[in-house]
Amino acid sequence: MSDLLFPVPESWAKSAWIDNDVYRRMYEQSISDPEGFWGEQAGRLDWFQPWMKVKEGSFDGDVRIRWFSGGKLNVSYNCLDRHLVGRGDQIALLWEGDDPAVSRSLTYRRLHEEVCRFANVMKSLGLRRGDRVTIYLPMIPELAVAMLACTRIGVVHSIVFAGFSPESLRERIRDCQGRVVITADEGLRGGKPLPLKENADEAVGKCPFVEKVIVVRRTGSQIPWTSGRDFDWEGLMQEASADCPPEEMDAEDPLFILYTSGSTGKPKGVLHTTGGYLLFTAMSHQHIFDYHDGDIYWCTADIGWVTGHSYTIYGPLANGATTVMFEGVPNYPDWSRFWRIVDKHGVTILYTAPTAIRALMRQGDEPVRKTFRKTLRLLGTVGEPINPEAWLWYYNVVGEKRCPIVDTWWQTETGGILITPFPGAMALKPGSAARPYFGVKPAIMDSEGRFLEGTGTGNLVITEPWPGMLRTIYGDHQRFLDTYFSTYKGVYFTGDGARRDEDGDYWITGRVDDVINVSGHRLGTAEVESALAAHSAVAEAAVVGFPHEIKGQGIYAYVTLKTDRQPSDALRKELVSWVRREIGAIAAPDFIQWAPGLPKTRSGKIMRRILRKIAADDIADLGDTTTLAEPAVVDDLLKGRLAAAWE
């Protein structure tokens, strides 16, 4: 915990959308009268037909939540059409390529035309309302066009991060039964090509229900081509009309499926719907980032993750913002890249991850100080808790002590930000996520299911539904209930721990379930374990997180080999490469320890608490080990940890 406190500057209190008095008044109304509050706020969207009921359902029983029942609207209309009269010539999307010499801008009018054309392309291929499409694209403008085109005609998109492996892509295509896959010949990241079409071909080869593959020519490289199945994006767009009326969608119609890691190994298809999600992202984008006309807003997240969905595309465009989209990485061609983009485009609001901040901080101040950054007025962080040291560097060096930092907490499942400082309303505490957003009722519970009042540390739960939340796990509502509503009855269990201080501010302490937060991206330990165990040399594997100075958490794997295989550095490297191929680079173990056996209870359950402590080198007190079937295994692991440290 940091004892530092940064009061709200007087200029911010006067100019921000939300000051302290407004926050208290709006928050109180949102909790005491949610129907009245959200019904009033929904007026910021354009509706084809008004809703009959604002809110239905609770966190009890079968948990069927509905917002704005009977209302009809269209996401692309709210993000594009309604801005054409007043903002048609304003830049909607500023795209910065991997190569600093390459960039593009699309006005609202141009983006609207492109979206309508691609919506007509999809209709010409037989796609209709409710069909699913898998998008496997790099961070290029066509990704934004494709997702908005889906919303225009009621097609449900499932975007898969371009860094995922063919196997991970296949699993996601198969789960949602996507009829069409949209990909590129290659991606570019840090000057290196990514073989996206090759990966997509491998994935689609085992998905016979996929009818068409649409390919964007990003690099112009030679790629395999399946006649009758594969179609060229540009060729299709040239033949399509730029006139496509928006489909009138029910507020509770599915908008997108986004897969996130679960503790059981199989990724969960988080399903978000239309009206509540769009309202929540638009409102929170304006309020939390204090977005005003003329701001240039940049969220650095890849659209393959929820942050990119909500705060690169949907929230900003619903508000008529200019949003920056970046294809590359912070260190290419050098460590000043982020700050040069800020200067090049006049970025005023920057939203990035603690992992990136820590990596940039490690390079020292010089790459930052050689740039100007005078346009910046607000900074944000997302994906994981930020340590006070990184917070202070971000504030002092990047923002030059003039830019408030909004340290936001939320999840794929929540749709938008749930806990955050408001820059014009709250003093900032480095490392604290501060207060709940409107309509959000957080609480802290102990392991016995008791609510903790006042100060305390425990499991973070949300006690009432909010409009942006997921509605189910696609195709598996029971898993939705088991994952979020079985640990504690009648509340949403976040899977995160938290502490509430004497001021009522929240501090997120990290995951409490079998999920690792690597660079702000959630990975299920079971998913990595399954990949390791699929290797012919591995008998068993257990994976835990451990503190990592750059990523926040790293991946620590305990591997038991089959009796006919011997540990070696070559095998260790082979296993890391194997996981990269099976899941993606994000899941590659940082550390592999050879383990003769794993600590298991007599019922066969792995005691992960012990594995976490050993991985973190916190071995002074391993706790009660009397329930282990073979206590001697712990000594072997401790010796192995020590030996590995000296390798």
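Along the chain as shown, the residues are counted starting at 1.
Heads up, the Cβ atoms here are built off N, Cα and C, so glycines get one too.
Other C-beta atoms found within 10 angstroms of the C-beta of Asn331 (CoA binding site) number 16, with every protein chain shown included. For Arg189, Gly190, Gly191, Lys192, Thr307, Asn331, Ser519, Arg580, the entry in Swiss-Prot reads CoA binding site.
Here Swiss-Prot flags Gly383, Glu384, Pro385, Asp407, Thr408, Trp409, Trp410, Gln411, Thr412, Asp496, Arg511, Arg522 as ATP binding site. Cβ contacts within 10 Å of Pro385 (ATP binding site), excluding its own Cβ and spanning all protein chains shown: 21.
Marked as Mg(2+) binding site by Swiss-Prot on the basis of sequence analysis: His535, Val538. Over all protein chains present, the Cβ of Val538 (Mg(2+) binding site) has 20 other Cβ atoms lying within 10 Å. Annotation note: Val538 (Mg(2+) binding site) sits in a strand segment as assigned by DSSP.
The N6-acetyllysine annotation in Swiss-Prot covers Lys605.
The Cβ of Gly383 (ATP binding site) lies under 8 Å from the Cβ of Ala301, Thr307, Ala353, Pro354, Thr355, Asn517, Ser519, Gly520, His521, each of these being in the same chain and 6 or more residues away along the sequence. DSSP assigns Arg189 (CoA binding site) to a strand. Note: the CA-CA distance between Arg189 (CoA binding site) and Pro385 (ATP binding site) rounds to 26 Å.
Counting in whole angstrom, Asn331 (CoA binding site) lies 33 from His535 (Mg(2+) binding site) by their C-alpha atoms.
For Thr412 (ATP binding site) paired with Gly191 (CoA binding site), the C-alpha to C-alpha distance reads 29 Å. When other Cβ atoms within 10 Å of the Cβ of Thr307 (CoA binding site) are tallied across all protein chains shown, the result is 25.
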